[in-house]
Every structure is written in structure tokens, then in C-alpha cells.
Amino acid sequence: MKAADTVILWARSKNDQLRISFPPGLCWGDRMPDKDDIRLLPSALGVKKRKRGPKKQKENKPGKPRKRKKRDSEEEFGSERDEYREKSESGGSEYGTGPGRKRRRKHREKKEKKTKRRKKGEGDGGQKQVEQKSSATLLLTWGLEDVEHVFSEEDYHTLTNYKAFSQFMRPLIAKKNPKIPMSKMMTILGAKWREFSANNPFKGSAAAVAAAAAAAAAAVAEQVSAAVSSATPIAPSGPPALPPPPAADIQPPPIRRAKTKEGKGPGHKRRSKSPRVPDGRKKLRGKKMAPLKIKLGLLGGKRKKGGSYVFQSDEGPEPEAEESDLDSGSVHSASGRPDGPVRTKKLKRGRPGRKKKKVLGCPAVAGEEEVDGYETDHQDYCEVCQQGGEIILCDTCPRAYHLVCLDPELDRAPEGKWSCPHCEKEGVQWEAKEEEEEYEEEGEEEGEKEEEDDHMEYCRVCKDGGELLCCDACISSYHIHCLNPPLPDIPNGEWLCPRCTCPVLKGRVQKILHWRWGEPPVAVPAPQQADGNPDVPPPRPLQGRSEREFFVKWVGLSYWHCSWAKELQLEIFHLVMYRNYQRKNDMDEPPPLDYGSGEDDGKSDKRKVKDPHYAEMEEKYYRFGIKPEWMTVHRIINHSVDKKGNYHYLVKWRDLPYDQSTWEEDEMNIPEYEEHKQSYWRHRELIMGEDPAQPRKYKKKKKELQGDGPPSSPTNDPTVKYETQPRFITATGGTLHMYQLEGLNWLRFSWAQGTDTILADEMGLGKTIQTIVFLYSLYKEGHTKGPFLVSAPLSTIINWEREFQMWAPKFYVVTYTGDKDSRAIIRENEFSFEDNAIKGGKKAFKMKREAQVKFHVLLTSYELITIDQAALGSIRWACLVVDEAHRLKNNQSKFFRVLNGYKIDHKLLLTGTPLQNNLEELFHLLNFLTPERFNNLEGFLEEFADISKEDQIKKLHDLLGPHMLRRLKADVFKNMPAKTELIVRVELSPMQKKYYKYILTRNFEALNSRGGGNQVSLLNIMMDLKKCCNHPYLFPVAAMESPKLPSGAYEGGALIKSSGKLMLLQKMLRKLKEQGHRVLIFSQMTKMLDLLEDFLDYEGYKYERIDGGITGALRQEAIDRFNAPGAQQFCFLLSTRAGGLGINLATADTVIIFDSDWNPHNDIQAFSRAHRIGQANKVMIYRFVTRASVEERITQVAKRKMMLTHLVVRPGLGSKAGSMSKQELDDILKFGTEELFKDENEGENKEEDSSVIHYDNEAIARLLDRNQDATEDTDVQNMNEYLSSFKVAQYVVREEDKIEEIEREIIKQEENVDPDYWEKLLRHHYEQQQEDLARNLGKGKRVRKQVNYNDAAQEDQDNQSEYSVGSEEEDEDFDERPEGRRQSKRQLRNEKDKPLPPLLARVGGNIEVLGFNTRQRKAFLNAVMRWGMPPQDAFTTQWLVRDLRGKTEKEFKAYVSLFMRHLCEPGADGSETFADGVPREGLSRQQVLTRIGVMSLVKKKVQEFEHINGRWSMPELMPDPSADSKRSSRASSPTKTSPTTPEASATNSPCTSKPATPAPSEKGEGIRTPLEKEEAENQEEKPEKNSRIGEKMETEADAPSPAPSLGERLEPRKIPLEDEVPGVPGEMEPEPGYRGDREKSATESTPGERGEEKPLDGQEHRERPEGETGDLGKREDVKGDRELRPGPRDEPRSNGRREEKTEKPRFMFNIADGGFTELHTLWQNEERAAISSGKLNEIWHRRHDYWLLAGIVLHGYARWQDIQNDAQFAIINEPFKTEANKGNFLEMKNKFLARRFKLLEQALVIEEQLRRAAYLNLSQEPAHPAMALHARFAEAECLAESHQHLSKESLAGNKPANAVLHKVLNQLEELLSDMKADVTRLPATLSRIPPIAARLQMSERSILSRLASKGTEPHPTPAYPPGPYATPPGYGAAFSAAPVGALAAAGANYSQMPAGSFITAATNGPPVLVKKEKEMVGALVSDGLDRKEPRAGEVICIDD
């Protein structure tokens, strides 16, 4: 061991923790550990505080005081330093250096530690010594047996340390005393070891010394655990004394002032004060990594103070071992790597199965025998399996675990701090123990000039520097004025900060309920000046500040125990909870007090006056958000008795689930607590009989008990009717209606007869009450004691509970619902009084057979019947009640099957609609009731299918008679208010029509399948159409496009306009609100309810809502709020299914059924919520039905279904009648479609159409008039009442004539079914849509396109797109031209004789626009997507594809003009047509504009270099011009199969196209039309032919001058740039006046990242190396392509084909992308490779990129195959030649071209943006974050360059240089981390360049019209905006001047733009097509005019 090592002990007793450190050589013989050695901690959260004794002595030499290296400098404050070290060093060093490190649990008890120190004994040095008991005494005291063992000499040799001794002795002691507790075992072992060491004959040896030390350690631990609670001194006995330490160390310190320091303020980074701290350690501290702590049995290793090992080399001790641990340079690490940055969790290898403290011994130095032991505070066996082995240690408690014993088990030790599952559960946070130790080590360097100070450099409160007061127990520092209350002066003596003195919380906080400002603390008076004038009054004490206090609920305690906790306590003990609360709540203003009683203030004030207890509770609890119910006892569910005989009760609180039940003491002062205890014991006695444990005061006399319980034998005959209601009912205070009494009699009679029954009264007649009274009567009359099982929908369970309380007060009713935990508690405590009647735990187990059931009634939901069937199925039930029993209508449902397996004596089913759909369901109900009688479904159905109606009814009546009772409200309540149902027909809104048509078109195939569509798909279509009738926002697409508010809710206006129903609802609700009615709104779709919520919020109505997701308690609360007198809620939103069950909302008198259910019964269920007992007003029911839609048809079918199936007697109704036949579905779907598609044809005058329903105020008033009796639809009225007449008493069948009438009408409709209906209606829409889809598929996997509901289903809208734009804005530029004007259909018809075709015309069912039919419009769009905008002379060029050839120039130009105008029309893409009524045909502005823009950039780039690079990529392949002239001047491209379509045209433009190739798809990369495929095959078949045909140069007129002579070739023209600026990264690229020569082709022309070996795996995705960012900014001279000019070795490389062409053509090409893409990096590498290998053609580089772009200009976007087949671009094929024999060669090649083009496209877009930024003079404000980043980068660069030499010098061994290098590296690291932080913040601060329209302050349209006249040219406005991408005549010279005025805002300073900068560079993602904003046309179209000479040196601004 090194001299510096200390032995540290941990001892735990029950109440205290103690940590002792003392020099290893020193044993208790010398002296007692004084108060600084032993610190007592009250509480289990032990804070470890250590004090250093002197260093360990070498061998047996007497201990000297520590030797310091540099004494002189320290002498003056030596004593203070020692003192400080004693007091606070360990406390202060437990933290990381970082100021932010929070001190977790350590702070807590420092205060107590200090105050509880023991007072010094008599005198300074002499301490009272206490006898240590011998092992024999201890054993005697504890009554244990001693071990007889005589130690041999060998024992003394082998048992050299405590560990070995303990392993030897422990089993012996355990054998004698098998049940000995661990603590006693340890104490005895310690005593034994002490005696063993004392008797050791070999004492003098080194081994003995070490052994003695370990013994002392163990002894102290043991003595402490035994005796420390009494805190009496302990006397040592034992090994020989070592010399005591020098007196100086023991002297009491002089009084001193508390420690202060000068802080450096928040920004300052701390540096270690010690120059000798090795680098590795610094790194560790910087990262705040705790050291790796592995405990491995007996590995040789050296124990450092910090609790880690550093394994030591065998060479022997280091020379400086005594001086300092730190100097050895070893860092805490078990693995031996000094600088491992990340540590793994500490592991410990225990001895198998032994439980003991672990003392590790190890030889200190090779060759020496000395062994020292140390003890860790962790157990060395696994907590779970109690075995040893390799275990990991918890950082927050002494437990240890195997990795595999954890749950979930771990594969490897976790890194960093780790807390065990126990601590996690108890909420203990880790203690930074290792850091503490780590820093102690650092602090202990002997030669340090000044003490290591770990206190924070800034004040913990204000985060500022200055003179700070440092805590003696932790690293916190404070200004004295920041404390609360502020201190007037620095205090004397030791000072502890508020965190260290913060009291511990009384438990774990469950949640924070409220906060408030507390009282400010009392001020500290200023001390009197000693020399001051006594007359001068003392300064006024500084006032404290108020601090926040939090009202908290504790885990495991009830709300009665809630109390206030200080903010500091929460911050320390519950940091995460505190932070979350802070984040979610306003921490400046306390939350408003919530008068939890929920009543308005007036009522609660009155109540407070009357009830002082309530006032007190309000004051103390209720106003902080605690509901009174939560503090009200619901019932006591169990009791327990502690050792002292005190009773504790498990209390279930009202309105809280069972898992929040809490144990309360007997004496708790809770209202009604006594009564509940009384009833608990009384019920227990009833069930269990006499209980000896029962407290005497609760014991009842036998007689009293009998009154409570049921009679032991039946008191009357259940078959005898009650004429008046029985006494036990009257006692409850309730009165039954006569019909309910009849029901009760009938139920009792059936019970007596053993007949299971269905109670089928109509809704609202009180089936629940009749059932409860029936069960209660059975109990009270002694027929049965239960238990009864009631299964009901979750929503009605609360209602059942209430009714049971009311009508059956003596029943013990348990509600079995809730989560797993709640149900586990119910099973354990509520199923039986016997303790282990049922196994505990979350899984449900069977109940023991003989166990007595504790409850009378168990209420549960359907789901739990199936989920917990193990527990529930094991009980024998006297009666089962199923509420809403139509859940059993399907015998396949799990509920049916599970319930069938329960043991049940009697069954009662309740349902308001017994015969919902058909006989089959009725049969299943009967089958469930009496399976032995009803078990043949087929027989049953047949029997009732073929007899006449009368017989059927009679027979069914006889069959059902005994089992079913049904009464109607109409029969029972003659005076109940009437109800009127109206069907309200509503129009579809335009948006709904669009979606409706789309759905039909999209599903054309399903509708039209000859075998009749599959039923499921038809139902799906129907569902979609129903959604559409409700609201288009139910489709995700529409919802995405819809306008929203910042809160995420839909914007009200648009929401209402989009749906016909909402428009009507808006008007109705306003009127209803005025008239004071209240409304229930039912919808089947919960999403629709969401929309209705947004609608009601927008309209400002208060509402409640219930749907399937809102469960029992919340439901009932909502209902109660709505029904409360004077409630503000105006509407109640319900989902039809969830809201139809047992809910009473009789306070509302208007029901709106927003969408009808398929099943009319569900709707009846729904409106019966309002029309029920308790309703005082007439009920109006409005059923919204969309006119001419599936809804209207469904309503008709449903009416029929009501009539027929309600009778349960219609022939042929068998099983299938309930579900709709395909025929019916088809009929429903057809309904109204013809009219819908016809609608558009009438054009604009639809509003006047008489069939359109328009609701004005008058109509609404009529609709809401409650006096109308006649329903427009009398039959509906009658239907609904219809067999609400299945009375068992009398069957009445009314209105049979009407029934037949309706049937007939429908059957007639069914007869004349047109088999081709869908074919005629939808075929062409469908085909059109398929074309659209194919076009939009693009390449690769189709991105699911937004559902384009507007396209497809209209004849006149052949191919509309999901990206439609519609706008009412007039187009000012085109108004004067008739073809541009918006014209009515009539005008158009009259203009047919005019030369231009009309704007819109219908020809043979197809719409034509300006004479262009669908196919031609599609062809035109395809051409645009292929070549960009048509050039000026497009009509005379090959741009005009085959489909458009028939058009005159005028028509063509007019259409181009119209197309452009539509492109620029602002507005959402959602509308069906453009502003002028032209259908939007799949036109996505964004895509088209993007494509036009990209093609424009490509064309311009190619034109820029075309005159230098010529037209042929390999001029040697150029065909002989003489041969060429014989061919037609309009050569077809090689893709044409025959060369013979010579439609000559006078002038060819550079963007020639091949007329014969079909148009590509929009993103035509992947899909080719069949024609293309054919061509492609032909191309492969006939390569020779193609090469023969050759390819003529595009325009002979413009053919490049013959290749220059050799001399000329070597010197391409160099034209100087106007503004050459050396670019700083991030500065503006100068804009040359002449782009052709604008830059040298970046450094060199760049090489093939793919040689021939791999032409495909591009490096496009490499990130740009840092140094190269500037390489484009540094504008190199424009030298053409010098590096590319071949040396002599390349010269004759012309593939041997044309020897005569020896000179290389000139070549020049560049894209100035500012380094924002990786293009230039690629080019550099590729060119390097190409030049060095001489394979200029075979390695892809800059030259190939140019020709790729040229090919795209000629052949169109992504026509890779055409380009490869064109001889002009032969160079593109060169790099792939070596791959040609591979299987996937073509695909590989095309993929590479596509990827490469994406990169070029990206670079072009960025270049364009840079140009715009320059043009706009955009510059960045210096204060902007982007500039800070820029400055930091420059700083880093400068720093790096200026210190390059250091690394060489440092390596050469120059130590100062080494130190400086480290400093520089640290600075660099800081700079880089700052830059990293800046970069992460950047995106938020960046904004985009405003759209061009905003920058020019012009609308898109006016920009477009300006563009029509390019520059200053005088020619008149042409009939369409000229193709802005055609080259202006002067292109290539300086650009034409910008038109005056067009650029008004051009000079706008960047500072006027929206804040934020514009740098978003795609440097590391794959190249993506940079999406343009809507400005694309504007901005790119205006390229010609958007230019001017740039300013130099400005910041690059990019709009990505």
C-alpha cells in the first residue's frame, strides 16, 4: 500500500450511518476516533463525509506528519489549511468541476452531522476509552453458542487478513447458531478477529500490521453497529499500539471565519490549479465520468482512496510513491487504460453464497508480504439469489446484483451511475461517491501550492461571480446578499448552505397539487461593531424574500395527509417532478384557487357560513384542487393489527379507484369514520359470524344483527303478487310506478318458476330499478343471499351504483372495474374476508371453493367478464343480470361463449331493443337464456319463415310469452310529452361533391365488376361516401390542406363552409340558443365529434362530450354537469353507440342526429336519452340526411327495415335479412350519382335550380317550430314508434298497407337495374384517372399520392389533380383578351364562329379547353414536364409533339398563355377549377414550376458554354456534313424507329425534340410508355443502323466553327472577370458579366470517382472536407480547362476512328455552387484521376457532366436512354464500357445518371440562389448568429495555423511546447464545441429569402406580364407570355438590362427582410431536388431580368 492510503469504513445501524476513516496502521489502541473521524448521521439517506488522518506508515516505522514538498509557501496558513482539510475537503470535493453538477443526496444531513458531533472528552488530548467487548462476552450477552476451535500455527500463517479469517470462521459460527442475524455475525467475527490478531505469534511482520489494520476496521464497523445508537464512547482492546500521531493534528482548531473565495462569473471556464494533474485525469474530470469500480474477489490490485483499483506493475514501487498518488499519473480505471473515457458499471465478484462485508487484501509491492485489507460498504452476494459471483454494485445503497438476476436482465454492466431496482422504486438518487473520492485524491497532492478548491466559481442563486461564501459541506457558493434571508456579514466558524441544511421530506411525493408564495424568513440582525460608536443605531437588517411552497400529495398516503413542502426540498429530492411542474405551470403567478366543490362561489359562501367544518376544509384542502369526495370515506375494505395491538384500516375513498386506497390509523379524525368502521365490523360479523379479533365497542347484540341481515328462511311465496310496494322499498324513500311493480311481480314469478327472462321495456322506463328491487326482494325475503353478478356497459356502471345505493341500501355492492392494480386490490380485499381466499397479484386466480364471498352484488363490465374469467368464473352466482343484452345477439362473440361457461342459477337479460335486426339475433338471446330449449337455429328460422303473419305472431307470442316482457312509453305514460322527428335534407357543399365523385371514380372497378362487387368493398365505399356526406375533413388529405388555427383546431369559417350539414347546424343552433333550448348532437364517428368540438368552440357554445373513449366516472360527471340546474352547457356531443346506453339527459329537448346509423335502433336508443321519464318539454328530433346521396337511400332502407324486422315476422327474413344484400348496397350507392355528375354540366346557374335546398331564416324558423304536429314524413314517425309494440300482452300491427307500399316502390326500383350503369357513368373518368396515376407514379416506389378527390369523377374534369389551385382573383393582364376572360357558358356558345375555339366546350362527353382535348392537354403538360417551358418559337420547333401538330399557331399560343396564367394563379391546390372555370387536371403547380425552373437552369447553363464546347462530345464521331445535308433538316432522334418522318421546319432551336417520342411521365425517370419500350428494344437491336443514320447537329446554321488549329487549341480565350474577389468561405460569389468564362473550371476539371472499375458507386454523398469549403469562393483564374488539355500522351486518343482530328477540342464548364454541394470536391478528385491515368473519356468527370446536361436539354428531363443512344453525347457511354457485360448494366447506368443529375440539379439551384442573393445585395447583420459562427470559424482556423509548429516541437520533447500545445488544443476544443452549439441553434434562427413576389413587391401575375416584354424590347405583348426560358437574342453577351420599375425593391437592404439568415446547405444529405416555393416561376422566369453586376464581398444567402 502507498503511504497515502487510508482505510475507510461504513457501518450501518438501524437509525444511523457512520463513516470512519483512519490511517491504516493506526488501531483503536492509540486513541478513539475523534469527532472529526466519526460523524453521526440521523437518517437512512446517509451522507458520507470523510476526514483524513495522517498517511500510512511504511512498514513499522512510526508515523510522521505529512511531508510537504514546498513548505515555505504554505507555512503562513498551515493551520487553517489543515483545519479546512479536516472539516470540509471531502465534503467539498464530492462534485464534478462543472458548475452545473447538482449535489443530490449528499447535502441533506451535513447540518445534522455537524451538530451531532460528540463533545470532546476531558482535556484536548486524553480521550475517554471504552472497553471493547470480547467475543465470549458478546456471545454470552446474546445467548449464542461459542465455537470451539484452537488455532494452529498454520492458521496464523494462512489467515493473514480479515477476509480469509471471516471466510474460515463464518461457517463455523453459522453452524452452531443457524438463525444468527447478519449484524451480530459481523460483530462476533470482528471480535474474534481482534482476539486472533492479538494472539498472533508473528505479530511483528508486515502481514500482521496489515491484518491489524483490517481488524481494527472491522471492529469499528461492528462496534458501531452494536453500540453507536447510544453514542457512547468505545474503548479499544486489541493489537499493540502504534505511536500516536503528532499532537498538532489533534489540537482543536482556532476559531476562523467561514470560507470565502473570489468567483469568476458564469462565463469563465475553470482550469485545474495544479499543473501536475496528469492529462488523463483532466479529461476524466472534464467529462465528469466516474471512475470504473470493479470489485473482483482477490485480484491483486491497489486500492486507491476513491474506491477504485489501479493495478500496479510488477517493477516495484514508483520513486515518488510517498509524495502523491496523483503524481504516479494513474487514473481511476480498473482496466489499466489510464485515459479510458467511458467507464462501465462497477462489478464485484462475490464469494458464492457468503454474506459478509468484503475486505480485499493484496500484496502492495512485488516481493513484500504485507497485505492490507479494505472494506467496501457493499454486500458481496446478490440481493436476489443470495449467491456470490460477479455482481454489480448499486451506487445508492449497499445492495449488489448479478446481471441475470435483474428484471429485465442485462447483458453487460451499465455505464455511469447505476441505481438498483430497489432504489429506483424508493426514489433514491445516486450519490456521487466516486467523484468525492476522486477529488479527495486530487486535493491530497502533497506538493500543491494551494489547496484544491472545488467550490463553484459563481453564486448558486444569481449565477454571477464576485466574493462568494462557500459551504463547508458541499461545493455550493453564494453571495451573502443572495441568501434568504441575506446575511449582513460573513459568518464565523463553519457555515452550511441552505441545500445542506434543507430538512428531509416526510415521504415520497406523488404529485404537486398547487403552489403559493410562503412567508419571507426572519431577517438576520447585523452584528454590533466592536469598535463602533454605541450611540449609532445598528444598521437595519436585510429583509428575506418570499419563496414558493408546494402543496403535495404523498405516495401511499391519502389526501388528508397532503401538506406543504418547500421549493428547495422538491428541487433536491424530486428534481424531475419539480422541473416538469415548472415547465407546465406559470411559476410567477400561483394558480387560481379552485373551489373544488365545483359549485359557484355564492353557494359555497353560504355553505361556509352554515358549516364551519366545510369552511375549514375549504381553507385547508378544497381550494387547492382536492375534491371533497376524495376525502370522504367510501368504505373500509380491510383492517390490520400491529404488534402493539393498534388497529389500522384500509380505506377506499369516494371517486378514487381502489389502487388509491390507503391505510389509516384507528384514531384518524375523519368525518363518518366511526360509522364506516361500525358497518365494516357489522358486515364482517354477518358474513363470517363472531370474530374474536373484533374490537369490543363494535360488537353487536344478536337481535340487532338479525335486523340487518336476511331472514334465515324464506318469509313469503314469490309467486304471490305484491299489490302495494313492500316495506323494505318504502323504507328507501323511493316509490315504484305501477308498471314497475308489475314488472317486479313478473320477475319474482319467473324466478319461482325457474324461467330465465328478458325484460324488454322501452328505453327510459326504469329497467335498472325493477332489476335492483327484484334482487333486493329475493335477499330481503330470504330466498337467496346472493351473490349476484351484474354486467353492464362501462358507461352505465356508475348509474347502477347510484341506483343500488338508493333502492337496496343493505346490499354490499362491489364495482369490479379499473386497471390491473385496482382489480388486484379488489380481489384481495373485497372478494372475501378470509385472508388467502384468492391468490394475490395482478393475474386473476380462482377463488377457493370453501371461501365465503364478502359481497352481495358484483358490478362489472362486459370486457372484464372475459378478461378475469378465472376469478369470476370460480364463484357460484345466484343470478346473472346482463344490461343492454343485445351484446349477446351473436353466439360467436367471446362474451357469449365465456358467460356461457359461468356457474349461474338464474339469468335476467335487459334490453330496450330485443329484436334489433332479425330472428337470428332473437334466437341467440333465447339460446343463451335456455340452451336446452332453443338450440336449433335452422329449425327455428324455418318454422317462422313459412306461416302466415297471424299464425307467426301467435306462435311467436306463445314462444316468447314466458320469457319476455315489453312495455312502451306510449302505453305506460299517457301524459309524456310528445316527440316529433323530422328528416332534414341537406345539400352537399362543393368540396363534398368533389370528394364524392372522386370516391366513386376511384372505386370504379369494384362497382363495375360483372359478378357484382364483393360485399366488403361495397361497404367500404359506402362508408367513405358517408364520411364525405358528414365532412370532407374526415379524409386525411382534406384535413392536411385545411386552414388551421395556431392551437391546431380547424379554422371555423372554412370548417363550416366545407360541409352542408354544418352550415345548416350553425343557423339552427343560433336560433335554438335564443329560444333557450338545449341540444344533444349524435354522430357515429368520433372524428366527426372532434370536428363538431372545433365548430362549437368557434361558435362560442359550452358543451360536454361522451364517446367510446370516455369511461364510467368521467361520463357520469359530464352527465351530471349537463343535468345540473342552471348548467351553462348548451350542447351535448354523443357518439351514437356509446351515448345510447342507459344515459339520462332529460334536461335537453332537442336531438340532432348528425348522421343516421345503419341500424335505426341505435338512433332510437340515442334519442331516447332525452325522451324519457323526467322530460317536461316536447322533444324535437332532427335527422340530417344529405340529399341525393347514399345517406338518403340508407334512411329509406332503414325505414323499411324498421317496419319489417321490428315485426320479427316477415316471411323470408331468415338470417340474412339483417345484413344488406349486394343488390341493396349497389342500389344505395347508385342513388343520386347521376344528378351529381349532371350538376356540373348546367354550369354556373345551379343556385337558381329549384331542386337545390336553401335554408333561409324563414325556413329555419319553420323547421324549429315546435307546434307542428305533422311530420313531413309521417311514415318515418310511425315507423319509429312501430313495434315499439312488442308487448307480450297484446300484439298490434299497424299500418300494414303503408308497409307494402314502401316495399313495392323499392322493388320496382330494383327491377329495372341497368347492368351498364357504372360503365356509362364512370368509365372515362376512371380511365383518365388511371392515366394520371401512371403519370404520377414516377420512378421507383410510388409515394402514396394525396387522395385526389377532385379528379376523376366528372366528364368535364378529365384529369384534375390533388394539387389544385382556385382563385377568385381576376387576372389583370389578360382581361383585354377574350380567350383569357372568364366567360359564361352561353357567351362561349355564341362565340363558336370566332377563329379561336371556345375556352370550354364539351365534345362527345369530353371537355375541350381552347380546342385542346384531354389527350392533347396531357401531351402538352408532358412536353412541359419534359423540356420546360416552350421557347418563343416553340410552335415551329420539335417541341411541338405529335399530338399537338394539328393545332394552329394561334391556338397553340393561346393555350400556352392560358397554361402559364393557370400556373401563376395563386390559391390553394384544393379547388376543382381555375378561376376561369377550366378544370385543374392533375396539375400540381409545385411540380410543374419546379420542373420548368430546373429545365431553365439546365438550358441556361448549357447555352453559357455551348459556343466553347460545341455540339459534339466527341467531335471525331461527327458525321460528314455533306452526307448530312441530304437528310431532312428535321432529323429524328435515334429513338425513332423509322427515319422517314421528314416534317421539315425552317428553324431549329437548340431545344430540339423528337416528335415521335411519347411524352414522359411527370417524373419520367422510371416508367416508359409501351411505345418507348418498343423503341428501346429496337435501339438495342439496331445499333449499326443508328450509327449509320448518325445524328445531325442541332442547327446547321449555328454549327460551331471548325475545330481550332493546334496552336489555338492550347490557349482558350480568357476573359477577365469584372469583380474578382478572393472569397472567404461564406462570402458572396462574384457574378461575372459573362458566364461563359466565369470561372476556371474549379481548380481543375474533376476526375472519375469511378474509374472504369466502378462507374456506379458515386461519392455524391460524401461530406465536403472542411478545408475545401472555400475552394469555390477563392475564385481561380479562368483558364478554360488547362489541366484537361491533354499532354502529348493523350493526343491521338480518338478511339482510332478519325485519325484526321488530332487536336483536342476546347472545353469549359463550371457551376458556382459556393461549396454548398459536394460537386467540386468530386470534380477535383475525378479530374485528378482522369489526368493521371490519361483516361479522359473513360473516367467520369466535369466534361461528362456538361454533356449530360446538354443531352437533357435536347432529349428532355431524365431521358437517359435517349441520351445514351445519341451519338452527339457518346462520351457519356465511355465510362460504362467495361461494365457492359453485367446483367443489370442498363439499370446500373441509368441509376448513376439519375443520381449524378440530381447532384448537378442541386448545384444549379444553389448557384441560382447565390446569384439572386448577390443581385438583391443581401448582406448579413454582424450581430446575427450565423456571423458569430463565421467569426468563430476564422478564429479556429487562425489558432490552428499559428500553432502548427507546436506538435513537432512537442514530439521532439520540448516540455513548454507540450504545455502550450495542450492549452491550444483545449482552446480549439472549446471553440469547436461553441461552434457545434451555434450550429444546432442556427436552423431556428434562419429564415428563407422572401418569395420573389414579396421582394419585387409585385403580384405573381404582374411579374408574369412584365416578363412578357423582355428587357427593353419594344415588341408588343404577344398572345401568351413568351417562354421565359428561351434564350433572349443577346444571350451570351452581357445580360439585357432590367426593365425600369420592375426592380423597385431590388436594392432592398437585407436588414429590411424578415430576421434570420439564409444559409441552409445540403452538405451532408444525399442530393435532393431542392424544392422551390411558389415563387419558382416568378423567380426563375425572371432570370433574364433578375441580373445585375454583383457587389463583392457579401455574405452568401441561400434559399434552400
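The backbone N, Cα and C atoms fix where each Cβ goes, glycine too.
According to Swiss-Prot, the protein has these features:
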type: BINDING; residues: D761, E762, M763, G764, L765, G766, K767, T768; note: ATP binding site
type: COMPBIAS; residues: 78-89; note: compositional bias 'Basic and acidic residues'
type: COMPBIAS; residues: 100-120; note: compositional bias 'Basic residues'
type: COMPBIAS; residues: 236-255; note: compositional bias 'Pro residues'
type: COMPBIAS; residues: 315-326; note: compositional bias 'Acidic residues'
type: COMPBIAS; residues: 433-452; note: compositional bias 'Acidic residues'
type: COMPBIAS; residues: 1367-1376; note: compositional bias 'Acidic residues'
type: COMPBIAS; residues: 1377-1395; note: compositional bias 'Basic and acidic residues'
type: COMPBIAS; residues: 1530-1550; note: compositional bias 'Low complexity'
type: COMPBIAS; residues: 1562-1573; note: compositional bias 'Basic and acidic residues'
type: COMPBIAS; residues: 1579-1595; note: compositional bias 'Basic and acidic residues'
type: COMPBIAS; residues: 1608-1617; note: compositional bias 'Basic and acidic residues'
type: COMPBIAS; residues: 1632-1706; note: compositional bias 'Basic and acidic residues'
type: CROSSLNK; residues: K120; note: SUMO2 cross-link
type: CROSSLNK; residues: K163; note: SUMO2 cross-link
type: CROSSLNK; residues: K295; note: SUMO2 cross-link
type: CROSSLNK; residues: K627; note: SUMO2 cross-link
type: CROSSLNK; residues: K721; note: SUMO1 cross-link
type: CROSSLNK; residues: K721; note: SUMO2 cross-link
type: CROSSLNK; residues: K1222; note: SUMO2 cross-link
type: CROSSLNK; residues: K1238; note: SUMO2 cross-link
type: CROSSLNK; residues: K1246; note: SUMO2 cross-link
type: CROSSLNK; residues: K1308; note: SUMO2 cross-link
type: CROSSLNK; residues: K1573; note: SUMO2 cross-link
type: CROSSLNK; residues: K1876; note: SUMO2 cross-link
type: CROSSLNK; residues: K1971; note: SUMO1 cross-link
type: CROSSLNK; residues: K1988; note: SUMO2 cross-link
type: MOD_RES; residues: S79; note: phosphoserine
type: MOD_RES; residues: S308; note: phosphoserine
type: MOD_RES; residues: S324; note: phosphoserine
type: MOD_RES; residues: T376; note: phosphothreonine
type: MOD_RES; residues: S597; note: phosphoserine
type: MOD_RES; residues: S713; note: phosphoserine
type: MOD_RES; residues: S1219; note: phosphoserine
type: MOD_RES; residues: S1367; note: phosphoserine
type: MOD_RES; residues: S1532; note: phosphoserine
type: MOD_RES; residues: S1538; note: phosphoserine
type: MOD_RES; residues: S1601; note: phosphoserine
type: MOD_RES; residues: S1605; note: phosphoserine
type: MOD_RES; residues: T1646; note: phosphothreonine
type: REGION; residues: 1566-1966; note: region 'Required for interaction with PCNT'
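All features noted in Swiss-Prot, drawn onto the structure.
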residue	record	contacts (Cβ under 8 Å, 6+ apart)
S713	phosphoserine	G782
K721	SUMO1 cross-link	N745, F749
D761	ATP binding site	G743, K767, Q770, G912, L965, R966, R967
K1876	SUMO2 cross-link	none
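A separation of roughly 33 Å, to the nearest angstrom, links the Cα atoms of L765 (ATP binding site) and K627 (SUMO2 cross-link). Packing around L765 (ATP binding site) is summarised by its Cβ count: 25 other Cβ atoms lie within 10 angstroms of its Cβ, all protein chains included. Calculated from their C-alpha atoms, the gap between G764 (ATP binding site) and K627 (SUMO2 cross-link) amounts to 31 Å. The two recorded residues, K627 (SUMO2 cross-link) and T768 (ATP binding site), have Cα atoms 29 Å apart.
According to DSSP, L765 (ATP binding site) is assigned to coil rather than to any helix or strand. K163 (SUMO2 cross-link) and G766 (ATP binding site) are 79 Å apart (CA-CA, integer value). In this structure, K1876 (SUMO2 cross-link) is part of a helix by DSSP.
If you compare Cα positions, K163 (SUMO2 cross-link) sits closest to T768 out of the binding-site residues E762, M763, T768.
The secondary structure of K163 (SUMO2 cross-link), as reduced to three states from DSSP, is helical. Note on the region 'Required for interaction with PCNT' (1566-1966): mean pLDDT across this stretch is 61.
Within 10 Å of the Cβ of M763 (ATP binding site) there are 24 other Cβ atoms, across all protein chains. Neighbour density for G766 (ATP binding site): within 10 A of its CB lie 20 other CB atoms from the protein chains shown.
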